[in-house]
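K.L.:
Per TrEMBL, the features are:
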| type | residues | note |
| --- | --- | --- |
| TRANSMEM | 43-69 | transmembrane segment |
| TRANSMEM | 89-108 | transmembrane segment |
| TRANSMEM | 181-208 | transmembrane segment |
| TRANSMEM | 215-237 | transmembrane segment |
| TRANSMEM | 257-275 | transmembrane segment |
| TRANSMEM | 296-321 | transmembrane segment |
| TRANSMEM | 327-350 | transmembrane segment |
| TRANSMEM | 362-384 | transmembrane segment |
| TRANSMEM | 390-413 | transmembrane segment |
| TRANSMEM | 420-441 | transmembrane segment |
Amino acid sequence: MGPIFARSQRFRWLFKSRLPTRVKIALLRGLARRVRDSAAAPVTLAVVIGIAVGAATCLLQRLLSLIHFLLFDTPLTGHLSAGDADGPIRLIAVTVMGCFAYGLVAAAERRWRGRDVVDPIEANALYGGRMSLRDSLSLTAMTLFATGVGASVGMEAAYTQSGGGFASQLGQLFRMRRGDLRILVGCGTAAAIAAAFNAPLAGAFYAFELVIGSYSLAALAPVGLASVSAALVGRAVFGNYSIFLVPMQLPPTNIDFVYFVVIGFAGAGVGIAAMRSVTGIERILQDFKFPRGLRPLLAGLGLAAMALIYPQVLGAGHGAIQLTVDGIFTTATLLGILLAKIVASAISVGTGMRGGMFSSSLFLGCLLGALIGKGAALLSPSVANYEITFTLAGMGAVGAAIIGAPVTMILLVLETTGSYDITIGVIVSVVLASFASRQWFGYSFSTWRFHQRGLRLSGAFDIGWLADITARQLMRRDPAFISVNETLETARQSFPVGAVKRLFVLEETGAFRGVVDTAALHLAPPPTEGVAKRVGDLLPTPQEPILPATPIRSILKQFEQQELETLAVVSDMTTRRVVGFVTEAYVLKRYNQELERRRSEELGDSELFGPPGEG
């Protein structure tokens, strides 16, 4: 507790005071306890998080514009993907050399860090919202580096990582409870998206869908306030801006909703192709054992080559989105950019360059929607009056397939355009794309990356508590022992019916052999031919014990596989020395109590299923 507070400027005066150390620690713990137990604490901290993360997101946007200005000579208000770079020679040189330098820096950064960075989704799913701020800032810097030299990745990963990391650190500072800490991480990511896109509703539902894993009353106020606070900070810095400007359009007719259905299914296909392309590139590089430090150089060469024809593949794609919405590309150009952008995103992420596919998915969707819109205009000339609607529907569809947040995509379009008529068509495409991608593929990009790492996560649902509850917390420590060579007659005399419920049979070495019910001991048939029957005869094969660190989910699987009601807990699998035991009835009881407690936290009523800590 002390070291965490000591790193904070706010409390450094306390540690420099002449008060005894015990008094300082007690004061800090008391403060943390008051904050943790206050119902207003999450809401207050959420506003602080929203303001801080909103300001940080605006700063990162300014830094990216400055880097592009210095490296590519793009206007400070321009975009690299809009083709604003100063000449092909400079574009090639900066992209290739920049990606090469990135590979060297990334290799050094991996050795310095020595562990994987935990992102907000993984933190909330497995670690109760605990994130490292240092690792988050490191990832943010590397993402800024990658995007700055032209990699086809988005900055949203940096925004949400830094926002979630800051929120997590603030929550840990005040020792917030697990559920509250997860909500604060959601607040940090919501604030990041809200400030980046000037879309507080989209930011809030990004947190609900991807980072918290569910919508809950307890999270509504903190996440909402953090999102609005960040959006207000963004507006104070940039004005009431939008990532792209949409001219007024006529609403589509009912018959044209057939095209939105087509966009939905096509968007799912494009999203799946983009995600599989990333892992395909990774697999090829691994098969050829290409050095990790040089892989970004391959990305730089590929990006530079494609950018000579389609400069729109560079960077996040915000500038190119506006060009697509403006309708300046021909059908052939749209198709070429679409294919090139898929490859550019795949080689950027697949070669290990930091960044996400949020912006890439929006741009890919715009290209797909514009393509289908031009095709629809050939069949129905009246479609030309609202062709932009198809562009936005494609953006939402591919975004929903890749990001895995359909409501977020719908709200992003609604907040960006302010048009309910346009949003109705987008809803159709987004819902169908989300459904189709789950049926055909089963993952969003984030959960697909977890799957590739061996983490069986389907979202940010809190399953980390399943690993926190282990046999050490569940076991009883009063087992009754008996030797494997003890005769049944002696055993019956030593342990009459009702004395103990079960006996733990040990080998001569003291190793665990199995569990015998006392009732079964007394019901065993008498010996034949005058040979005394031994306790070990009731256990022809040894039973499998568990370790103190075995999580509750694995314990339940062991009960099912071995068809036992009691499992022995041993110190290690070599000596198999029994230190306790667990019963199926008690493990199931604790499991259900934890489920009920989690459900009550989601409903915002900690007393719904009993007082906290009960059981």
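The backbone N, Cα and C atoms fix where each Cβ goes, glycine too.
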K.L.:
Any chance you could find the range in 43-69, 89-108, 257-275, 390-413 with the most Cβ pairs under 8 Å to the transmembrane segment (362-384)?
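P.N.:
Maximum Cβ contact count belongs to 390-413.
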K.L.:
Determine which residues of the chain contact the transmembrane segment (390-413) at the Cβ level, with the cut-off under 8 Å and only residues 6 or more beyond its ends counted.
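P.N.:
Result: 193, 197, 199, 201-202, 205-206, 208-210, 246, 259-260, 263-264, 266-268, 270-272, 274-275, 321, 324-325, 357-358, 360-373, 376, 383, 422-423, 425-434, 436-437, 443-447, 459.
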K.L.:
Can you work out which residues elsewhere in the same chain, 6+ from the ends of the transmembrane segment (181-208), have a Cβ less than 8 Å from its Cβ atoms?
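P.N.:
For the transmembrane segment (181-208), the list is 42, 45-46, 49-50, 53-54, 57-58, 61, 120, 123-124, 128-131, 155-156, 159-160, 162-168, 170-172, 214-215, 218-219, 222-231, 233-235, 238, 240-243, 405, 407-409, 411-412, 414-416, 462.
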K.L.:
Go through the chain and flag residues at least 6 beyond the ends of the transmembrane segment (215-237) whose CB is under 8 A from any CB in it; none is fine as an answer.
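P.N.:
Distant Cβ neighbours of the transmembrane segment (215-237) are 42-43, 45-47, 49-51, 53-55, 57-58, 179, 183-184, 186-188, 190-196, 198-201, 203-204, 207-208, 601-604.
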